[in-house]
Structures are given as C-alpha cells and as structure tokens.
Amino acid sequence: MGASGLVWTLTIVLIAGLMLVDYVLHVRKTHVPTLRQAVIQSATFVGIAILFGIAVVVFGGSELAVEYFACYLTDEALSVDNLFVFLVIISSFGVPRLAQQKVLLFGIAFALVTRTGFIFVGAALIENFNSAFYLFGLVLLVMAGNLARPTGLESRDAETLKRSVIIRLADRFLRTSQDYNGDRLFTVSNNKRMMTPLLLVMIAVGGTDILFAFDSIPALFGLTQNVYLVFAATAFSLLGLRQLYFLIDGLLDRLVYLSYGLAVILGFIGVKLMLEALHDNKIPFINGGKPVPTVEVSTTQSLTVIIIVLLITTAASFWSARGRAQNAMARARRYATAYLDLHYETESAERDKIFTALLAAERQINTLPTKYRMQPGQDDDLMTLLCRAHAARDAHM
C-alpha cells in the first residue's frame with residue numbers, strides 16, 4: 001500500500017483531528033465566516049497540505065513528492081468544480097447562510113468516507129485485473145467529453161439537481177417539514193417530529209459527491225498507483241473545501257472555462273492511462289496479448305501539464321469578453337433561481353440581498369458588447385426566469 005500501518009494510523013488520526021478542530025472552532029457555533037476568516041483558514045489548510053508534501057520529500061523522496069503534489073493539485077481543481085455544483089444545490093434549496101457551514105462539513109466528511117472506499121476498490125481492481133487501466137482511462141475520456149460539451153455544463157442547474165433520483169427518493173420516504181429551523185436537522189411541526197429540508201440538502205450534497213468520485217479517483221490513479229498518496233491527496237484537498245467555498249463564493253461564476261480545463265486534464269490523464277495499459281498489455285486480442293511500445297509520460301510532465309492548463313483556464317475565464325458574458329448570465333440565472341426558491345417566511349433582508357445581487361448581474365449583462373448580450377431566440381429560458389423573478393418581486397412588494 002506504499003506506507004506502514006503506523007503511518008496510515010498517524011495520518012488518519014491527523015485528518016480526523018483536523019476535522020474535529022475545524023468543527024469545534026468554526027462550525028459548531030452558527031455564524032457566517034468573514035472574508036478574513038476564510039482567507040486565514042484556507043491558507044492554513046493549504047499550508048498543512050504543503051507541509052505534508054515536504055514530509056513526503058524528507059521520508060519518501062522527490063519522486064513520491066511530485067506524485068503527491070500532482071494528485072493534490074488535480075483533486076483540488078476538481079473540487080472547485082464540485083463547489084460550483086454545491087453552490088447550485090445550496091442556492092436552489094434556499095439554505096440559510098448561517099446553516100451552510102454545517103452542510104459543507106457534512107458533505108466533506110461523507111465524501112472522505114465514500115472516496116476512501118472508492119480508493120481501495122480502485123486499488124483492488126488495479127492489482128487483480130490487468131485491464132483496469134483500460135477501464136479507468138475510458139471512464140476519464142467519457143467524463144472529459146461530458147465536461148467539454150456545453151450541454152454537459154448546462155445540465156448542472158438547480159432543477160436538474162432537484163429532480164435527481166436521490167432527492168426524489170429521499171423526499172418521498174422521509175417526512176420533512178417545509179421550513180428550515182436554523183441549522184437543525186429535526187423540528188416539531190403540528191406536534192410531529194419531522195426532518196428539516198437541511199437533511200435533504202445534505203443528502204443531495206453527499207449523493208452528488210459520489211458521482212464526482214467516479215472521475216476524481218481514476219484520475220489520481222492515473223498519476224500514481226501509491227494508494228497512500230492517493231488517500232492523502234484526496235483527504236487534504238477535501239479538508240480545505242469548506243473554507244474555499246466561502247472564500248471564492250463570488251468568484252465561482254467567473255471560472256467559466258474551468259470545466260473545459262478539467263476536460264483537458266481528465267482527457268490527458270485518460271490517454272496516459274491508456275498508454276500505460278498498452279505498455280503492460282496482457283489482453284489477448286490487443287497485439288496478441290503482448291506489450292505495445294508506447295510513449296512514457298512521467299509524473300513530472302503530468303504535473304507540468306496540469307499547472308499550465310489551470311493557469312490558461314483561469315486567465316481565459318477572467319480576461320475574455322465571452323468569459324465575462326457567461327459569468328454575468330450565470331450569476332443572473334443563479335440569483336433569479338435563488339430568489340424564486342425563497343420561502344415567504346424568509347427575512348426581508350435576505351430577500352433584498354439576493355434581489356440586489358440579481359439587479360447587479362442584469363446591469364452587468366447590459367454593459368456587455370451587443371453580440372454577447374441575450375438576443376431573441378437565444379437564452380429564452382434565462383429571460384423567462386428573469387421575468388418570473390421580477391414578477392415575484394412585484395407581488396411580494
């Protein structure tokens with residue numbers, strides 16, 4: 001497994017301790033973290049991940065350290081894409097701002113448990129089946145294709161997520177109330193003990209993360225077959241996810257090309273896995289069951305490609321006119337959906353805050369070059385959504 005039982009035990013204790021400290025100091029007391037707090041906490045967890053990488057250099061050598069940092073950076077990038085979906089889920093269910101930290105921490109804990117299971121299943125497949133790399137490579141190429149398709153990006157909207165099988169089953173079989181009760185999971189309604197919608201949100205977040213594991217775990221095994229490093233990179237990237245959510249909440253919509261960058265990364269790793277599978281080929285109908293000479297891609301080269309793609313993706317998202325247009329429309333869609341999903345009991349201050357953000361997004365759309373603005377016959381769904389939000393505002397006033 002690449003590490004002794006003692007090292008595994010110490011690492012698990014460290015991760016569990018960090019999660020416990022995070023809960024006690026930052027989540028147990030209901031509050032919305034300030035930007036300064038989010039920056040400090042995010043920097044702390046990134047620093048811990050880097051210190052762990054330095055420890056890998058000292059005790060394992062530079063080659064293992066490169067593998068760890070490649071896995072950590074890849075999983076961190078994929079996690080940012082996860083955050084976008086978490087943001088859609090939280091907004092579509094109208095989760096109170098004060099309760100969002102608990103939802104995120106639950107999602108992280110659930111993800112850590114499920115992904116650990118996926119890691120060991122993946123390791124078992126690699127060890128016992130010669131064709132496992134072909135399977136992993138194919139999965140990554142399919143995932144890359146889905147991310148690269150515009151329809152794949154649009155499918156991650158609020159209504160699609162709320163219609164998911166997991167949510168429909170939970171909503172059918174669990175007795176839930178219509179309203180939130182702070183950050184509590186249970187409440188009393190009509191003298192009956194019921195679950196609050198917060199539980200449905202946690203189920204949605206946890207269920208969604210299971211789907212994300214299908215691309216993240218094969219991607220990490222494409223960079224290293226060291227199970228311990230895959231686990232450590234996954235754990236440390238997840239630990240900083242809650243703080244990262246509040247830090248880049250307002251920036252997520254700006255990363256409009258992130259999914260395309262991730263598609264390139266997943267496609268690259270998928271091809272790398274296919275090449276490695278061909279190099280060690282034992283499948284009878286491929287080259288008569290003999291290894292196929294292929295180009296070898298080192299982990300250092302993989303890390304370089306990952307860094308370059310992420311830098312280009314980020315720069316293009318922030319500087320291109322098309323990126324600014326997609327950002328404005330994504331923000332308008334998100335705030336309009338959030339406003340329409342508000343309960344009548346929602347405080348006026350929260351309602352006004354969301355509608356003000358919607359107006360700001362609409363103003364940004366109006367300042368765009370004409371060719372990037374919404375035109376008749378295009379983005380009709382968004383225009384309809386905005387009209388509904390304004391009608392709801394007028395009715396509430």
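Note that Cβ sites are derived from N, Cα and C of the backbone, with glycine treated the same way.
What Swiss-Prot records for 1-21 (among others) is transmembrane segment.
Taking Cβ pairs closer than 8 Å, the transmembrane segment (39-59) reaches residues 18, 22, 26, 33, 65, 68-69, 72, 229, 232, 236-237, 239-240, 243-244, 247 in its own chain, all 6 or more past its ends. Feature annotation from Swiss-Prot assigns transmembrane segment to 39-59 (among others).
Positions annotated as transmembrane segment by Swiss-Prot: 76-96 (among others).
Counting residues 6+ beyond its ends, the transmembrane segment (103-123) has Cβ neighbours under 8 Å at 1, 15, 19, 22-23, 27, 86, 90, 95, 132, 136, 198, 201-202, 205-206, 209-210, 212-214, 216-218, 221, 225, 227, 230-231, 234-235, 238-239, 241-242, 245 in the same chain. Residues or ranges marked as transmembrane segment in Swiss-Prot: 103-123 (among others).
If you look at the transmembrane segment (124-144), the same-chain residues 6 or more away from its ends with a CB under 8 A from one of its CBs are 214-215, 218-219, 221-222, 225, 262-264, 266-267, 269-274, 276-277, 280-283. Feature annotation from Swiss-Prot assigns transmembrane segment to 124-144 (among others); the stated evidence is sequence analysis.
Positions annotated as transmembrane segment by Swiss-Prot, on the basis of sequence analysis: 194-214 (among others).
Within the chain, the transmembrane segment (219-239) has long-range Cβ neighbours (under 8 A, six or more residues past its boundaries) at 1-3, 7-8, 11, 15, 18-19, 22, 45, 48-49, 52, 56, 64, 67-68, 70-72, 74-76, 78-79, 108, 111-112, 115-116, 119-120, 122-123, 126, 136-137, 140, 265-266, 269-270, 272-273, 276, 299, 302. Under the heading transmembrane segment, Swiss-Prot lists 219-239 (among others).
Residues or ranges marked as transmembrane segment by Swiss-Prot on the basis of sequence analysis: 255-275 (among others).
The transmembrane segment feature in Swiss-Prot is assigned to 301-321 (among others).
Counting Cβ pairs under 8 Å to the transmembrane segment (76-96), the top-ranked stretch among 1-21, 255-275, 301-321 is 255-275.
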